[in-house]
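If you check TrEMBL, you get these features:
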- 28-46: transmembrane segment (TRANSMEM)
- 58-84: transmembrane segment (TRANSMEM)
- 105-129: transmembrane segment (TRANSMEM)
- 149-176: transmembrane segment (TRANSMEM)
- 196-217: transmembrane segment (TRANSMEM)
- 237-269: transmembrane segment (TRANSMEM)
């Protein structure tokens, strides 16, 4: 298996290299199980958030639930990167061995995901505060008019956090898979390089994921016209989401696998180029 490629190669070659390794049995099954776990946590937090803040829109609640469950994706990415690293060296590693060897790195992955969660909580808190001020008697309409920009900026911040989380996942996780301690300066160095090349790399990695997500969401939307979905405030809704997680995870697994593969291939290519420049 050829993972060590040079950045002088085209993105087409990097993409083909990542695509060929999507259906590795061990990694595919692990990513599928991880997505199911992510879906369970997502559905649970979505249910809890809808009860705690029923006045917030479903899309905002969905982003909040995503960040609550984002640590599951980060942890699974660490394990997948370890398996890819072993494969690049011509070795094979069992899943249990990968978990054992990346235990410290799994904790470090929380330090990557937690800033996004804290930022999400801060943004939602500000949005809820502005909503509360707008509901006050007498002066509520004034606050609602004056602070109308806060919900807009909050929505913008949540979208940027969502995109930033995937960028961080793309650049930082390949570095963390064999780290014993966190070094934020080293993580920041992951973003150094040709801006256009880095941007194109992230876009290529996200395109299959975006298409599969669109397929999953559009299928869910069409399904709601065929059968009735329980109200989000009922426990039946949570049960239905738990059942739907399995086919949705199956749709997303190839795209997530490509994302991890391309991220690792891109990282190795960047390392090879830096070594060539030093020589």
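The backbone N, Cα and C atoms fix where each Cβ goes, and this holds for glycine too.
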Ranked first among 28-46, 149-176, 237-269 for CB pairs under 8 angstroms with the transmembrane segment (196-217):
237-269
Any chance the transmembrane segment (149-176) and the transmembrane segment (237-269) are in contact, meaning at least three CB pairs closer than 8 A with a sequence separation of 6+?
yes
Are there residues at least six beyond either end of the transmembrane segment (237-269) with Cβ under 8 Å to its Cβ atoms? List them, or say none.
3-7, 9, 14-15, 17-19, 21-24, 27-28, 31-32, 35-36, 38-40, 43-44, 46-47, 77, 80-81, 84-85, 88, 169-171, 173-175, 201, 204-206, 208-209, 211-213, 215-216, 219-220, 229-231
